[in-house]
């Protein structure tokens, strides 16, 4: 009898241990087709579509106003979005209990953030800043000094943050603090590396910012609309309600939109001219060969059926097709990455407070991936190779003293006079 009781007790204890082990195991989430109900089968899809449409109109209207106001305002919008993204990401791995024992530790994250901002934007906007203050001698010398020593200033600011971090280390919290330190640097790399390309595109011409951004919006809208009416085949489990029908339909629509939209945007100098300073005035420039129309005569059999004998195309429209192809096929994977990231850490989107726009992080990831590609494409296939006048002038104004600039001007004048005399 005693043996039987002992056996029963031991088996009960063993079962409890097994239950505890099972409770500590990571149980995968139940597999759902495409992460949820497809839009085509959603009973509330028309209500959801109305909310999406209403909020999208307001967001596009606000975005159009910022674009109309110009380069500086668009850059300011990018900076504000950066700050909100960084805030959300900083809070992702935060633990309130640990932070209570580390006063000022959150402030350290923002110290690194604004140091990175000074480094990135200081390098990007140095030439426009010099061009803006050139008439003012004292201001010009002050700004030139800041630009000359900008890298050293940022380095010492970073070292100050590094020392601050070391001095705040506390016993039994080392692992948490070093995890936060590494996480902060990952955020800076992701946020600033990609957004710096966005700002560079803005100052190359709003066209190179607006067209890629618009293609992402168009692709997202038509993926939703086509999936809304025709979506039947789940695309990927990471992103709920995405379908192959929506993906393919959005790709075709985005390619067509890229070709047409490039033709429309390419007609406005406000969008195509690069900004060389930090002013907000109206822009006028030579649009360059990319934005000058080329005329093509249509074959005779086409003119028999249609009233057109020739068509005009901007050369930039052919480049827009490459941007459209990337926006259709590659850029959506940035959104899929964001969806998987949110599910991995079980976090909400910072756009959840906006009705119908809970996937803002997904869209921002798509926009960032697209901005990097647009910059690389522009620098690789569009910008002329070699040294430009602006590059030489930048070096002269920032690297040489006023006396050295005068000497350079005198020698350059003598060389040009000798060449004119020989010719």
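Backbone N, Cα and C define each Cβ position, glycine as well.
Small disclaimer: the values here were computed from a predicted structure and weren't measured.
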TrEMBL annotation of transmembrane segment - which of the ranges 87-106, 107-126, 267-286 it falls on: 107-126
Where TrEMBL places transmembrane segment among the ranges 293-315, 316-338, 339-361: 316-338
Segment proximity, the transmembrane segment (243-265) to the transmembrane segment (181-200), 3 or more C-beta pairs under 8 Å: no
Distal contacts, the transmembrane segment (206-231) - CB-CB under 8 A, six or more residues away: 38-40, 45, 49, 52, 56, 60, 67, 70-71, 74, 198, 241-251, 253-254, 257-258, 261-262, 265-266, 270-272, 316, 320, 323-324, 327-328, 331-332, 335, 363, 366-367, 370-371, 373-375, 378
Other parts of the chain folded back onto the transmembrane segment (107-126), taken as Cβ under 8 Å at six or more residues beyond its ends: 79, 82, 86, 90, 146-147, 150-151, 153-154, 157-158, 160-161, 164-165, 168, 180, 184-185, 187-188, 192, 196, 199-200, 203, 278, 394, 398
Same-chain residues near the transmembrane segment (146-169), Cβ under 8 Å, at least 6 residues beyond its ends: 102, 104-105, 108, 111-112, 115, 118-119, 122-123, 126, 129-130, 177, 181, 398-399
